[in-house]
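Feature list (source: TrEMBL):
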type: TRANSMEM; residues: 12-35; note: transmembrane segment
type: TRANSMEM; residues: 47-67; note: transmembrane segment
type: TRANSMEM; residues: 73-92; note: transmembrane segment
Amino acid sequence: MPARQEPGWRTIAPRVLASTVGTYGLCYAWICAAVRLLPMDAVDANILATCLAFILFVAVILRAFAVRSVTRIWGELLVGTALPFALMLGVAR
């Protein structure tokens, strides 16, 4: 039975980067989309979207370290960040 290799910085660093910078961008994109799409005052929509973004932030951080492949988490972050911008562009027209 081969010895199990301990994860090095090359496997941990992209996950830390995804869980900090990537998650911030994802949450900010969803906050912007929610403020624009929610049928309430902008201040109330901003407060609600920010509160919900904290839940999303924690979920994505946990997902970044639970996924086996680093490319998968980065793909999910890119799609998850592009989706609210597509929603906002669709509403703007």
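Yeah, the Cβs are placed from backbone N, Cα and C, and that goes for glycine too.
Outside the transmembrane segment (73-92), and at least 6 residues removed from its termini, the chain residues within Cβ reach (under 8 Å) are 14-15, 18, 22-23, 25-26, 29-30, 32-34, 36-37, 60, 63-64, 67. Long-range contacts of the transmembrane segment (47-67) within the same chain, counting only residues at least 6 positions beyond its ends with a Cβ under 8 Å from a Cβ of the stretch, are 15, 18-19, 22-24, 26-28, 30-31, 34-35, 38, 40, 73, 76-77, 80.
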